[in-house]
Amino acid sequence: MTSVVVVGTQWGDEGKGKITDFLSADAEVIARYQGGDNAGHTIVIDNKKFKLHLIPSGIFFKEKISVIGNGVVVNPKSLVKELAYLHGEGVTTDNLRISDRAHVILPYHIKLDQLQEDAKGDNKIGTTIKGIGPAYMDKAARVGIRIADLLDREVFAERLKINLAEKNRLFEKMYDSTPLEFDDIFEEYYEYGQQIKQYVTDTSVILNDALDAGKRVLFEGAQGVMLDIDQGTYPFVTSSNPVAGGVTIGSGVGPSKINKVVGVCKAYTSRVGDGPFPTELFDEVGDRIREIGKEYGTTTGRPRRVGWFDSVVMRHSRRVSGITNLSLNSIDVLSGLDTVKICVAYDLDGKRIDYYPASLEQLKRCKPIYEELPGWSEDITACRSLDDLPENARNYVRRVGELVGVRISTFSVGPGREQTNILESVWSNI
């Protein structure tokens, strides 16, 4: 029984897809356990970029099984489009499995997402308007439609009529918006269900059978710990649990079967949308990092907010996700800076604190306390070991590991697979 969970430790966009793709080479099953098509991940293979939103990164290994678990909310329209995209690129999807217990995102979820966001005015949380939150709301309210329901014509029709009647009352009475028509949704989405039917199964059986047989299973999270609905910067969070604990709920695999948790982070910090960001940069250094790091959302295209590495955030993520190994990405983006900074603590009303406050009001008053390190001017994109790095870059990597309190297993100096360097195999000693 061998399993590894990959989680983002910041606000998403840490390079989880790249690391999952890298670790997939030694895995036999790769599974997603939460989120939806609001999260994008980019994989570079032979200098060609592939952008995915729903399908696990492991799909590019045709001999390995890729799983969309029950904790994922699936937009069938987006999924069919993504399948067509992969087929057009010559990628087989015969190795894909989709949980029959996963919930479905429908047009009324997306419409409600937009209406709710617009109604917030200046208090918007920066949702991607993909219907993720409303779909999870329906799931919690026990009125959601699951993949198993989508495949049954009569069941789907009955539940769609009930849900649509309720949502239309909401649209008309509360938001003064036009209702949606049953006929505009039913046939289209039922057909999407038929197109994905070949992939649908009880994925908890596949995952547990694989683990019981001693196979290596890799779990791929979406977003990041700081976007977790319980442990993140609430309410500026997603509607699911990206933390490692979300694996057990979102995949149907018990906690006793999880061996290691790899936390993925960048050598700096970024986030999309609104919400607290203590180390955010508003100067030329921030602009430089954004442009060199190509910090624009995979899903939205929005410019990401960027800032210095925050070890307070990272220690919070380590604690709530039980991180055992760290993968440090995008070190190359910091090349050329005279000085690099790491936030080691916060100043809250004149008092030094080492924890991440839950209160948004306290976070607004938190000022980062920085440790400054000398930068490096060398191009490090061809470095293939820690010893290859310039001394200052090497010291930066080591200091990050010390402050977070987790050993660094891999570090990357660019987007390519060959630019990911192993310091310690996460598959060993399990």
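Residue numbering: from 1, along the chain as shown.
The backbone N, Cα and C atoms fix where each Cβ goes, glycine too.
Positions annotated as active site, proton acceptor by Swiss-Prot, on the basis of sequence analysis: ASP13. Look at Swiss-Prot and you will find HIS41 tagged as active site, proton donor, backed by sequence analysis. The GTP binding site annotation in Swiss-Prot covers 12-18, 40-42, ARG304, 330-332, 412-414, and the record cites sequence analysis as its basis. Per Swiss-Prot, Mg(2+) binding site is recorded for ASP13, GLY40, and the stated evidence type is sequence analysis. Residues or ranges marked as substrate binding site by Swiss-Prot on the basis of sequence analysis: THR298, THR299, THR300, GLY301, ARG302, PRO303, ARG304.
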Let me know how many other Cβ atoms fall within 10 Å of the Cβ of GLY12 (GTP binding site). 29
Hey, how far is ARG304 (substrate binding site) from ILE331 (GTP binding site), Cα to Cα, in Å? 17
Taking only the Cα atoms, work out how far ASP13 (active site, proton acceptor) lies from GLY40 (Mg(2+) binding site), in Å, as a whole number. 8
Neighbouring C-beta atoms (10 Å sphere around the C-beta of GLY15 (GTP binding site)): 22
Cα nearest VAL413 (GTP binding site) among recorded positions (HIS41, GLY301, ARG302, PRO303) -> HIS41
Quick check: of the recorded positions listed here (GLY40, HIS41, GLY301, PRO303), which one has the Cα closest to that of LYS18 (GTP binding site)? HIS41
THR300 (substrate binding site): which of the recorded positions GLY12, GLY15, HIS41, THR42, ILE331 have a C-alpha within 10 angstroms of it? none
Rank aside, I only need the closest one: which of the binding-site residues GLY40, GLY301, ARG302 has its C-alpha nearest to that of GLY15 (GTP binding site)? GLY40
List, in sequence order, those recorded positions among GLY12, GLY40, HIS41, THR42, ILE331 whose Cα sits within 10 Å of the Cα of ARG302 (substrate binding site). none
GLY40, GLY301, PRO303: which of these binding-site residues has the sparsest Cβ neighbourhood within 10 Å? GLY301
Restricting the comparison to the recorded positions GLY12, GLY40, HIS41, THR42, ILE331, which residue's C-alpha is spatially nearest the C-alpha of GLY301 (substrate binding site)? GLY40
